[in-house]
Structure formats: C-alpha cells, structure tokens
Amino acid sequence: MSNAVSTARKPAVRAARSKGDPGHSGQRNATLAWLTVPALFFFLTFAVVPLAGVLILSFASWDGIGAIGSAGLGNWFSVLADPGLYNALGLTFLIMIASWLVQTPISLLLGVFTAGSQRYRAALAVLYFLPLLLSSAAVAIAFKALLDPNFGLATGLGLPFLAQDWLGVPHLALGLVIFVIAWQFVPFHTLIYQGGVRQIPRSLYEAAEIDGAGTIKQFFHITLPQLKYTIITSSTLMVVGSLTYFDLIFVLTGGGPGNSTRILALDMYLRGFRANLMGPASVIAVILVLIGLALALFLQRLGGKDKQGSQLEGM
Amino acid sequence: MKQSQTSRRSFLALAALTPFAAMTATACGTSGPGTSSSGGGASMWYLSGEPNQTTMQKAVDAFTSANPDDKIAVTYFQNDAYKTKIKTAIGAGQAPTIIYGWGGGTLKTYAEANQVDDLTGWFDENPDLKEKFFPASFGAATVNGKIYALPNQYVAPIVLFYNKELFEKAGAQPPKTWDDVMSLVKTFNDMGVAPFSLGGQSRWTSMMWLEYLLDRIGGAEVFTAIFEGKPDSWMDPAVIETGTKIQELVSADGFIKGFSSIAADSNADQALLFTGKAAMMLHGSWTYGAMKKGGQNFVQDGKLGFVQFPTVAGGKGDPKNGVGNPAQYMSISSKATDAEKETAKKFFKDGILTETVIDTYINSGSVPIVNGIEDKLNTSEDKDFLNFVYDLAKNAPNFQQSWDQALSPTAAEALLNNIDQLFLKSITPQQFAENMNATLGK
C-alpha cells in the first residue's frame, strides 16, 4: 500500500504548482526541475530498471539458482497455454470486483458518519482505524487461528454456526479472503472519504436545508456528487491495489484449497520461488504490469474530460 | 493540457509500480544475515521449533567454547518459510556457510549449479566420521556418485499413530490391512470420533498417505521409476489405484472435518489426536517428541500407540518398506571463504552429533543416525518407540525419501498442488496421474 499512498499525494502537489505564477522566470522552473531528481532517481532504480529486468527474464529460463539461459518465446507460450493462468486471472478480477462492491459502500458510509463533529463519532473513528495498523501477515495469522474448525472461535464461544470449514471449502475460502481484505482496508478508504466529506462546504447543506431537503436527499444530491473524485481516487487505489494482494492470501490460504484462491500475484510467487520457474513467473509479472496500466488508464478516463474543472463553481 | 499529461504520467507510474511492488515484496524476503565476512567464523541457518533449536544451540555453544577462534552464528527459521528462503538466498549469492536441508532433488539443483562443495574427498580423509552414520543416510546426500552433504540429526520414518484410549473404548485393534482401515473409519464415525487427523493445508502431510499407499500397492519400483524420470512412469496403474483409494477414504469421511484448513505448522493435527478428537494420525516420527512435550502427558501415560502402515490386499510392496526422511543434511556453500569452510568442516567433525547431542535426541524421542546406539535406546524411557523406529529404519528393504524432497523443486510444487486437488476431489485419480506425468523430466 505504501506506494499507493505516496501517489495519492501527487495530485495535491500538482495543484499547488499550478497555482504558481505562469509568467515567472525560467530560473524557478529549473530549480523545480532539480527537485524532481531524487524522485526520478528512485523511480528509475526501483521501478524502471527492475521492470526491464523482469521483461528480459520473461524470455529466459532460470531456476533462480544456476545459470540464466535463453528460452525465446517458450515461457510465453507455456504460460499462455496454461489453464492455471486463466484461473488466476479470473480469481484476481473476481476478488477485485467483489472487494470494490463490498468496500466502497461500507467505507463511504463510515466516512460520512465519522466526518461528523460529535465526540462519539471521533472515538468510533479511532476504533475503525485500528485494523490498518496491523500488518497483513498478523491479520492473516489471527483470522486463521480464530477460524480453525476444531480449536477456533466457534468452539471457544460455543457458536456452532461459525464452525464451518472456512479455509477448506473453495467458495467459503474465497468469500473469507474477500471479507478479510475488506476488514483490513475499509479503514483506509474510510479515512479518504472522511477527508473528502469534510471538504464539502457547509453552505451547500445550509442551502439544501432551507430548500427543505432531508438527510437522505442531502446525501444523494450533495455529498455523493461532491465526492466524485474521492470515489475515483479510492476506487483506483482499491482496484490497482487488489492486484498486489499477496501477503494476506499467502499466509491465510497459500492459494488453496486446491487453486481456489491462487490469484495472479500469488501464482507468480509460487511459480517463481516455490517451483523455481523464474521465466514463467516473470511472464506473469509482465502481465500484471499490463493489467495495472490498463486499469489505471481506464479509471482515469472515468473521471471525464472536465476532470480539471472545479466542483465548487460559484462558491 | 499540460496538467492532464502529468496526471496521466503519475498514474502510469502508479500502475507500473504496483504490480512490480508485488514482485519485489515477494523477493525482498531474501535479505537477511548473509555470509559473515570475518575470518574464522561461519554462519548457519537452522529450523526453529523444539527440541531441535535448543539442541542445536547447545551444540554450537559447546563447540565455540571449546574452539574460541571458530565462531558460528546461527539464525533460526520456521520450516515452511525456510524452504523458500534458503533457495532464494542461494540464488542471490547470500547463502550462509552451512546450508541445512533434506538432500534429494533440492540438493541436486544446488550441486548442479556448483553452489555447494563436493565433500567426497573430505569424507575419504575422515573415514571415522563416514562410518559413524547409518550407511543408508548417505543416499539422499549423494548426487552423481559424489557426496555433497553431511547427514545429521535423526531418522524420521512416517508412522501410523493411534489413540489407545479410543481404541479400547471402541474395542478395536489397530489396522493391519487397508480393509481394516476402512472398517475402522466406520467404527469411529459411528462413535462420533474422527478416524484420522490430518493437517491438509500443509499438503506434504497428505502426501505421506500417497507415499505409503503407492509403495504398498505397486512396490518401491514405481516411485523409483518416477524418480529416475522414466517416460510415463506416473501413468502406472498403481498410481491410479492409490488415488482411487485416497478418494474413497475421503468420501467415507476418513479424515477429520475441515482437514484441508488445518496447517501442520500449528501442530493442530497432533492436538486432535491427543485430545481424543481423532483416533489415528499418519505423521512423521518427530511428532512423538512434540506430543511428549506438548501433549498433556498423553505420551507419558502410555496412551499413544504406533504401528507400521497397513498392507493392501494384492499389493506388491514389501510391508516392511518405510518412507520418510532418512536424515537431515548440511552442505557447505561454495561461495564461502576458505576460513569459513574450515570452521564449518571442523564443526561437522567435532560439533555435530556429539555424545551430548545424541543423548538429547534420544531423550526427546528421536533416533539419531549414528551406529551403535542400541544400548542407549534400550535404556531410554521411550525405548518402545525408539526401538520401533530404529527397527523400521534398519529393517526396511527400501526406505523411500519423502517425495517432495526427492523430486526437483519444480516437480515437487506441481505434486503438492495436485495432491491438494486430489484430496479435495476436484481432480480424478486419472487426471492426477496425467498432470504429474507432464512434469516428468522437469
């Protein structure tokens, strides 16, 4: 999530720069250009160079230990012909869509709720925030222990309906993964929506009240439209972030039972580091990059052509 | 317009970074205590978990206090995590001086990539050391006729454990044949007790069933052919019969409900046996020590029973055959400095399997792989179990190394994945054989 958070800050920087005087001397622009050097350096070293490495490896045969040999297009043919790839792709998109459908309404409502100024709401906001402080591995280990069919929560509290084979039945395991991801990431998106709601001018609501709009009407006609870009930002982070769900699923199910939670990122890891097939794993890494690019561009388009226009026209 | 370009670029950056972050995040587990560069010191990675960790730490401490110039820095890792970590570390040239492992196919990939030193000459110079160990323990340490690892620790056959208390209650006898197994499944299910405990999420636990069944049905030759990569060796009818028997057992509710969500690393499978929730468990002999330590006096009160895996009617395999780990192994990284290698060899010779270590293993319920320990075994409080394991290992006409260690890492990963699906009944025995057949030679 860390890179997602840092990119989320970028629009703010951009906005600040655009406010600068356009007619100012070129010297200032040159100074500003120098300021991008550290960021560029990190981007090149940690993104572009390894990316090129992965692209090269996707045409190589390498077990991760011995010498690297050439495989030509062999890796690509074998991966693209492997039904495992399409299973992983399907699961990745299924988890992506389900995560969005589950997380967006919950975090939107919680964000609106916690944006209120009452004390108890602030206290609850702190509680909601807690899961974000835990590492994915810790969350996964905790849920695994709680859901153990023989020694877990169900036996401890005497709740027989909880005594399902949560991680052992394919569709239950998949549902559980979606639930745990939501449990972990809803707080983050709640925070984004909370900030978004607090930026909406009070005067809009005051005007609506004078016109006789109730809470529900205010939500649908003021809050929701005003949150348009917040929703796009949050959705982008959710959708692109779902490509990287790895640690949680790896610890929780390891891709099992069978292949029922083996998403693309996990498939890449298991092929590369368990089966010692670095070439095919690199092919999947390249596919992940392409999907990520396509998704980000698509979501950016959703914002519409007037995305730079203000939503506070006339305020 | 300029702005929209910037924003697109930042999204491109985001998109390019994110999938990559997964690749690097998965790879970044490799950084760790690398090869120590100071002369006269060696580094070693070892498995955490008792009683192994304490035993090794004591052995290292004793060695370093006797040889103050030779320091050995040990780092401990969990079993499943270690298996991935060590491979990545070796590939990145960050391996410790002493590489711990299970020999077989993984050791072969190291040896063929010249990552571990050939120890044949060193063993020839130290014949006493070579003769100290069970001869059978060198099999999995040998690649193309050369020895690449020092056998150590204990022999660990897979044993059928059972809960004596539950068997008395049911008035039943431990199974001698596969038909006994199937009728016991019914007996215990009627009693409301799970017949077999299984930590199926770990997958190698389920594999132990296949290893024994295939041996009993088709004999040791079937897997030997697979190991040698003979064409269509996975398509042997014995493989398909093995798969069919497994699925019959799963369908008859032979394994505890929810077995595929139980992981062996948590020892929940052992807990099911000693808390009386399951009547039997097929597991490595090392679980005896773990149950003795964590099993609430279950072992001490004599409630733990153990027998050899049952026979299968019409099967070709010798009922005395065993499967499991013939030993654990330690190799020396070829990337280490000469001083580090010297320290490691000195430790191999004087530090590992000393009298104290041998006694510790025996006291914790394991059979160390050294010759001439019969007297010690006979005077131990666990002598019944220790002699059982010793005889099983010694008298087995064929002692098959665990498949996931014997095969190459690529084939082993495919095997574990297909076994998981076989137990879930999401593939047929025929599909299992076909999927595995496609991995031959990989």
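Cβ atoms are placed via backbone N, Cα and C, with glycine included.
Annotated features, as they stand in TrEMBL:
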{"type": "DOMAIN", "residues": "A:89-299", "note": "domain 'ABC transmembrane type-1'"}
{"type": "REGION", "residues": "A:1-27", "note": "region 'Disordered'"}
{"type": "TRANSMEM", "residues": "A:32-57", "note": "transmembrane segment"}
{"type": "TRANSMEM", "residues": "A:93-113", "note": "transmembrane segment"}
{"type": "TRANSMEM", "residues": "A:125-147", "note": "transmembrane segment"}
{"type": "TRANSMEM", "residues": "A:167-193", "note": "transmembrane segment"}
{"type": "TRANSMEM", "residues": "A:237-257", "note": "transmembrane segment"}
{"type": "TRANSMEM", "residues": "A:277-299", "note": "transmembrane segment"}
Top partner of the transmembrane segment (A:237-257) among A:32-57, A:93-113, A:125-147, A:167-193, A:277-299 - counted as Cβ pairs under 8 Å: A:167-193
Other parts of the chain folded back onto the transmembrane segment (A:167-193), taken as Cβ under 8 Å at six or more residues beyond its ends: 1, 8, 91, 94-95, 98-99, 102-104, 106-108, 110-112, 114-115, 125, 128-132, 134, 136, 139-140, 143-144, 147, 149, 227, 230, 233-234, 237-238, 241-242, 245, 248-249, 252-253, 256-258, 260-261
Folded-back contacts onto the transmembrane segment (A:32-57), same chain, C-beta under 8 angstroms, at least six residues removed: 17, 68, 278-279, 282, 285-286, 289
